[in-house]
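Colleague: Sharing a structure, written as structure tokens. Questions coming.
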């Protein structure tokens, strides 16, 4: 997002107006295409190694962009940075899983979500400040003094145990990556992103190039799905994970959140600029009611979930609030007061903050540790992808609505509407005496775009209701019946070894599974089994003493 306000100066320096779309698309392509792949890599390769490699790629891409001598070099740097970013978010989730007990994670994830939301809006503002007062190159260089010290701290201080399976040979682990699925997934996502970037804007939807890209994307993604079914043990997205109730529900909720959140982040500033006549920088500031409430709600919700244990209630309430807030945002008019557009944003942002983190918490709660990266990357992937899809959907809805609503205004025609650039470019071409009518038409067109976001908030509700009620507190450490052990919170190594067979046996009996399946149990299953084992052991000893 930081690059958006720098693009005009970049194109002026490189004389590269034709490359504008690629500055954003190049990053999106690799970021979105490789998220699921990194989720798979984290399962079979050391977490610390993959995470540091992802950070290194991101920093290298940022350095290339900052030092780019021409537009092609800048695009190449964006590709590298996007590739690294694809591994950072799943890696953060894996670090949280191993560093923080599950019942405490909502607190930290709330802060994580808040930072992400604030950065989405502050990014363009910071980018504009760098571009205006220093140089656009610092939009990329700023990542280096932040990222490199973080890499050093992780290298020296972070200690994460190896995942099960990382002790096998490198050849065996590489076979688990599912190269065939990778070959289908990455080009398929790239083709789909290209369709979204150029369809309906640079090229018409019925253009042969757009149709060809869409067909190739469809065939490759269908092939990817078939490969996952054919090779479930090596699948990048194992069917057993995707069909799990909470994961399937969280997937759909994340899809809807990505869609409606992105529409409002992109098109509310256009409403502020075109309808209220505000400058670009001020339109970003006017988004703060939504962003600040999203951040505050995410933080408070994290604290609340850590106390009560359940994340599903806040998800349901959050989805309802986003639907109400989105519905109110669709009522904007040319004379809407400041109190209305602030209040409606607050309501929507409050719901967004409550709802946005639940899918990731569900992935951490219902999946075994070694599968969390896949589940988390799936949520990030679908939210990113459908955010991009609905930016394009919103643009096409806006273009078609403007064409229909402005065609009867003297001096306006389809070509003039399509050639106009910027939020107020169309209105600048209209005679003053028709400006009020044009403003109403523009406002109504944007309201239709907001209605698309409203639909997405509403269809998220059934899946929010379908999400399992699982408590993060039940996945905490099991209580020991022995008072001394309970006070110390520890067992010596000999006691742990002695209790291990009993725990494993109880786990198998309680779960009804074989020893080979024990490793697939979640943290909560292990805790319950451990408690059951210790209680059974104490009861047996008591019976022996009575006899």
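Note that Cβ sites are derived from N, Cα and C of the backbone, with glycine treated the same way.
As annotated by TrEMBL, domain 'Major facilitator superfamily (MFS) profile' applies to 1-472. Among the features that TrEMBL reports, transmembrane segment is placed at 20-38, 50-69, 75-100, 112-134, 140-158, 179-198, 210-231, 251-272, 284-301, 308-329, 341-360, 372-393. The annotation region 'Disordered' is assigned in TrEMBL to 475-511. The compositional bias 'Basic and acidic residues' annotation in TrEMBL covers 479-488.
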Colleague: With an 8 Å cut-off on Cβ pairs and a sequence gap of 6 or more, do the transmembrane segment (112-134) and the transmembrane segment (341-360) reach 3 or more such pairs?
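Modeller: With 3 or more qualifying Cβ pairs, these stretches touch.
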Colleague: Among 210-231, 251-272, 284-301, 372-393, point out the range having the most Cβ pairs under 8 angstroms from the transmembrane segment (20-38).
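Modeller: When the Cβ pairs under 8 Å are tallied, 372-393 comes out ahead.
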Colleague: Please give the sequence-distant neighbours of the transmembrane segment (251-272): residues at least 6 beyond its ends with Cβ less than 8 Å from one of its Cβ atoms.
Modeller: 120-121, 242, 278, 280, 282-284, 286-287, 290, 315, 319, 322, 326, 329, 332, 345, 348, 352, 355-356, 358-359, 378-380, 382-391, 393-394, 398, 423, 443, 446, 449-450, 452-454, 456-457, 459-460, 463-464, 467
Colleague: Would you kindly check 75-100, 179-198, 210-231, 308-329, 372-393 and say which stretch has the most C-beta pairs under 8 angstroms to the transmembrane segment (284-301)?
Modeller: 308-329
Colleague: Which residues, given as numbers and ranges, are at least 6 beyond the ends of the transmembrane segment (75-100) yet have a Cβ under 8 Å from it?
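Modeller: Contacts with the transmembrane segment (75-100): 19, 22-23, 26-35, 37-39, 41-42, 47, 50-51, 53-66, 68, 108-109, 112, 140, 158, 160-161, 360, 363-364, 369, 372-373, 376-377, 380.
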Colleague: Over the domain 'Major facilitator superfamily (MFS) profile' (1-472), work out the mean pLDDT and round it to an integer.
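Modeller: Here the mean pLDDT over the domain 'Major facilitator superfamily (MFS) profile' (1-472) amounts to 85.
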